[in-house]
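What follows is a set of notes on a single structure, which appears directly below.
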Amino acid sequence: MEAPQDSPTRLYARQSNAGSNRQDGSSVSQLVSTLIPVLAISTVIFIAFLIFRKRLARVYQPRSFIGSLRNWQRSPRQTAGLLGWRREYTQLKDEFVLGHASLDNYLWLRFFKMLAMMCLIGCFITWPVLFPVNATGTAPNINGLDILSFSHITPGPRYYAQVFVAWAFLSWVMFMITKESKFFVRLRQRYFLSPYMSSRISSRTVLFVNVPEEARNENYLRQEYAGVKSIWLVNVPEDLAEKVDDRDKAAAKLETGEIKMIQNHTKREMKREKKEKKKGVVKERSDPEQGTLVEVEKKDRPAHRLPKLKFLPIGKKVDTVDWSRAELQRLAPEVANEQSRLRGDRSHVQGACFIEFDTVQAAQTATFQATHIDKKDKAKQKMKMTPKELGTPPQDVIWKNTIKSFGKVKLLSAAGTAFVAFLCIFWSIPVAAIGAISNINYLIDKVPFLSFINSIPDKILGVVTGLLPAVLLAVLMLLVPIVCNIIARMFEPTEGAVQMKVQGWYFPFQVIQVFLVTTFASGAASVATQIINDPTTAASLLANNLPKASNFYISYFIIFGLMTTAMQFLNLVPLLFALFLGKILDKTPRKLFNRYANLAGLGWGALYPKFTNLGVVALSYSSIAPLVLGFATVGFFLLYLAFRYNTIFTLGTTASTRGESYARALQQLTVGIYLSEVCLIGLLAIGVASSKQSIGPLVLMIVFLIATIAWHIWLRRGLDKMELDMPGNSINSTGTATNYGYDTEKNTSNTGHLSKDGYEQTSQTQPHIARDEYDEAGDQLQLQNTPAGKVSMMARLKGYFTDSADVAAQKALGHVAPHLGSSPRAYTPQEHDEAYLHPAIISECPIVWIAKDKYGISQQEIRKTTEADGFTMTDKGAIFNDKGKVEWKQDDLREAPIWRDEPTY
């Protein structure tokens with residue numbers, strides 16, 4: 001019979017004895033102590049977002065108007081008002097991101113939606129069974145929220161409930177991973193087979209590395225692979241690249257120097273004029289249009305030092321403007337001559353090449369052909385090349401790494417992996433200390449100097465044990481992906497490959513440090529006193545107290561769910577640049593232009609592991625501490641809402657992984673399944689010593705572990721087969737797609753409005769207009785005013801369970817058919833020929849862009865620049881205002897002298 005004091009009412013009871021709660025487990029009080037400050041701070045941050053959003057459109061809705069995007073890439077302008085943005089936000093579908101931004105951004109959203117759904121269904125599966133079973137358990141010394149965990153039950157028949165619930169929930173997770181993995185394969189295939197993507201050079205181009213010397217000629221490569229259209233043999237001219245870098249730095253220094261000189265002179269003259277005006281003296285200013293020479297005082301001219309070695313801060317002091325101009329006059333012609341020589345030079349071909357094929361399918365076939373050479377064919381093995389990347393645009397190539405030898409790359413990769421493994425061990429010390437803080441209550445008896453904690457008020461102690469560890473851990477984890485990124489960039493040939501390598505390294509680090517070390521440290525801290533008294537009980541005590549470590553992750557989910565969501569809405573870094581940092585750092589028109597025109601992207605390698613690990617935590621505790629699933633559901637859903645806003649209205653795309661980061665994250669989630677099963681098997685095995693009735697549940701769980709391994713093998717093999725089975729095009733060249741049941745609304749709106757997919761509608765018979773027409777549709781894009789028909793939730797759920805991966809992919813693409821159904825503008829012959837040439841060979845000398853001043857110095861500096869100098873200078877589109885600050889015309893980016901209509905590679 002169960003003692004009354006173990007009833008669930010103890011969740012809300014407080015010990016009247018002062019300090020008696022120190023030995024209790026996590027309580028509602030501690031949970032509230034964590035929740036209240038985080039909720040308060042998050043609310044303040046969200047209110048700040050609402051206030052700033054109204055006046056800082058560049059920070060909070062740049063995708064609605066920014067000129068670096070074509071009209072069809074833009075999002076609808078947000079409705080005016082404090083909460084007006086909700087209309088566009090709620091009516092647009094997630095697939096809008098797929099059509100207007102990128103595949104990576106869309107899958108990032110889908111990842112959070114999947115995690116939230118996974119945990120929500122988990123609550124429905126686990127809570128009705130495990131909460132009553134655990135709460136009515138009879139294990140001693142279990143208090144607070146811990147009575148809802150595995151720790152509160154004693155070995156026996158109740159273990160069957162744990163096992164069968166684990167079977168049900170983990171089977172659901174495996175179903176989701178299978179469904180999403182197959183959906184991803186088909187979606188990516190159809191996405192890159194669409195006219196828009198397949199007509200891009202990058203989609204049909206394969207990067208081959210480790211090319212043998214005998215194979216470094218076009219004739220051999222054309223004979224080796226079918227469907228070859230163009231070949232670029234890689235030449236990395238290091239000397240020229242260094243000169244180009246020096247040239248660009250000299251141009252940037254000249255720009256900065258010119259702006260500083262003009263600004264100094266302008267401010268001094270404005271002060272002088274102000275003083276003369278007070279005295280009543282009016283002095284006629286020279287007309288800059290007449291070419292009158294303006295004398296600039298020496299103290300207004302910036303200077304810098306030329307160190308004998310680049311890294312030294314000391315050296316000869318020179319006039320910045322004169323030195324930079326002379327340096328640019330020297331380097332610009334040298335670089336131009338060297339570029340002309342190397343454009344047609346094939347004598348310095350190195351061990352890499354880019355091969356463009358006629359079709360995406362041909363590129364895929366060549367990739368498979370190169371990786372599956374018969375080992376018995378010695379001649380083929382000798383000429384074997386490594387297909388490193390398919391679909392990498394030129395701007396994502398890290399050229400110096402494409403020609404590194406196979407052995408050097410393997411050595412650097414192994415060294416990087418070893419270093420990350422070292423970090424996993426080294427980082428355990430501070431992470432373990434942070435984990436111990438979350439259960440510091442239990443260390444007071446045996447560590448005398450911690451006795452002062454008994455005098456800390458309960459509410460403050462709740463913050464220390466709940467909020468502080470999670471914050472410290474988050475800060476500590478910021479450093480690791482930076483280190484991983486630096487190492488990966490030493491040998492990976494593309495930006496996408498760097499992100500994938502960082503993801504591969506950072507995820508195990510997250511699991512080991514943020515999860516396992518913290519979990520065991522927290523569990524060990526909670527039983528430290530008992531282990532010291534009787535070391536032989538360490539194993540069983542640690543195992544039985546591991547569920548208590550879930551208290552830390554409840555706090556962690558609260559912080560991530562609320563704080564990260566609020567900070568994502570606030571968009572802190574762009575906000576700080578808009579308010580303060582931009583005024584300090586951006587002094588030239590070029591810097592102002594780049595800050596305004598370029599949209600920030602997400603670093604998939606650093607972000608996915610962080611949130612995948614949270615999914616692993618939720619899975620691992622799903623059976624032994626199911627309360628975690630509830631907080632995980634709320635946390636993931638809030639994160640989905642925040643990232644949804646940013647992917648629709650603010651984010652661009654930097655490094656593309658072609659969706660591979662999402663596929664890898666799905667596979668990494670299986671770690672949570674295995675950890676959950678192994679943890680439960682360990683707990684059941686310990687229970688066998690106390691009760692032979694635990695043998696049955698133990699055997700059942702081992703059987704399920706074996707079944708999971710078999711499922712995982714089957715899934716990997718099935719996905720490999722799907723990758724080779726390329727479907728036909730699902731979107732035709734007119735920009736239409738088969739309707740598969742979603743988006744069946746009838747349009748009755750006026751011309752010029754957008755549907756909930758974000759595309760203009762003109763009539764019932766023309767649900768989507770062509771992309772070239774859409775480019776001319778105007779800047780002010782709005783959602784249609786008529787309510788759109790919606791598919792019921794039951795129909796969506798039915799489709800999720802019954803639709804094949806191919807049908808699901810076609811449904812998703814059906815929403816974005818207008819964009820994917822048409823091709824980007826055609827490449828000029830020069831653009832095509834130079835697509836995969838090293839940037840140093842085709843890089844033009846930068847235009848030196850300065851700002852116009854009323855005293856004529858900018859015009860005077862421009863007149864000094866002749867065609868023979870090898871570069872041009874202009875003050876078009878930028879001026880010094882009445883305060884001596886640089887301003888530029890933001891109305892039309894294409895009017896800026898440095899604007900380039902770059903092809904979409």
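Each Cβ is built from the backbone N, Cα and C atoms, and glycine gets one as well.
A quick note: this is a predicted structure, and the numbers were derived from the prediction, not measured.
As annotated by TrEMBL, region 'Disordered' applies to 1-25 (among others).
What TrEMBL lists as compositional bias 'Polar residues' is 14-25 (among others).
The transmembrane segment annotation in TrEMBL covers 31-52 (among others).
The annotation domain 'CSC1/OSCA1-like N-terminal transmembrane' is assigned in TrEMBL to 31-180.
What TrEMBL lists as transmembrane segment is 111-130 (among others). Same-chain residues lying 6 or more positions outside the transmembrane segment (111-130) and placing a CB less than 8 Å from one of its CB atoms are 94, 148, 161-162, 165, 168-169, 172-173, 176, 180, 608, 611, 614-615, 618, 622-623, 626, 629-630, 632-633, 636-637, 639-640, 643, 662, 665.
Among residues of the same chain six or more beyond the transmembrane segment (159-178), those with a C-beta under 8 A of the stretch's C-beta atoms are 114, 117-118, 121-122, 125-126, 129-130, 133, 150, 153, 619, 622-624, 666-667, 669-670, 672-673, 676-677, 680, 684, 687, 693-694, 696-698, 700-701, 704, 708, 711, 715. The transmembrane segment annotation in TrEMBL covers 159-178 (among others).
The domain 'CSC1/OSCA1-like cytosolic' annotation in TrEMBL covers 203-401.
Annotated region 'Disordered' per TrEMBL: 264-292 (among others), in sequence order.
Per TrEMBL, the feature compositional bias 'Basic and acidic residues' maps to 266-288.
Marked as transmembrane segment by TrEMBL: 411-440 (among others).
Per TrEMBL, the feature domain 'CSC1/OSCA1-like 7TM region' maps to 414-684.
Here TrEMBL flags 460-484 (among others) as transmembrane segment.
According to TrEMBL, the feature transmembrane segment maps to 505-532 (among others).
The transmembrane segment annotation in TrEMBL covers 552-581 (among others).
Residues or ranges marked as transmembrane segment by TrEMBL: 593-611 (among others).
If you look up TrEMBL, you'll see 623-643 (among others) marked as transmembrane segment.
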DSSP-assigned states of the domain '10TM putative phosphate transporter extracellular tail' (808-894) in counts, ordered helix, strand, coil: 33 helix, 11 strand, 43 coil
Counts by DSSP class (helix H/G/I, strand E/B, coil) across the domain 'CSC1/OSCA1-like N-terminal transmembrane' (31-180): 110 helix, 0 strand, 40 coil
Residues of the parent chain within Cβ reach of the transmembrane segment (552-581), under 8 Å, 6 or more residues beyond its termini: 26, 31, 34-35, 38-39, 41-43, 45-46, 48-49, 52, 56, 58-60, 145, 435, 438-439, 466-467, 469-471, 473-474, 518-519, 522, 595, 600, 614, 617, 621, 627-628, 631-632, 634-636, 638-639, 641-643, 645-646, 650
Chain residues outside the transmembrane segment (623-643) and at least six past its termini with a C-beta under 8 angstroms from it: 108-109, 112-113, 115-116, 119-120, 122-123, 126-127, 130-131, 145, 148-151, 162, 165-166, 169, 546-547, 550, 553-554, 557-558, 560-562, 564-566, 568-569, 611, 614-615, 617, 676, 679-680, 683
Arithmetic mean of per-residue pLDDT over the domain '10TM putative phosphate transporter extracellular tail' (808-894): 86
Sequence-remote partners of the transmembrane segment (593-611) [C-beta within less than 8 Å, at least six residues beyond its ends]: 58, 62-63, 66-69, 104-105, 108, 111-112, 115, 477, 481, 484-485, 488, 498-503, 506-507, 509-510, 573-574, 577, 582, 586, 639, 650-655, 657, 661-662, 664-665, 668, 849, 888, 890, 893, 896, 898
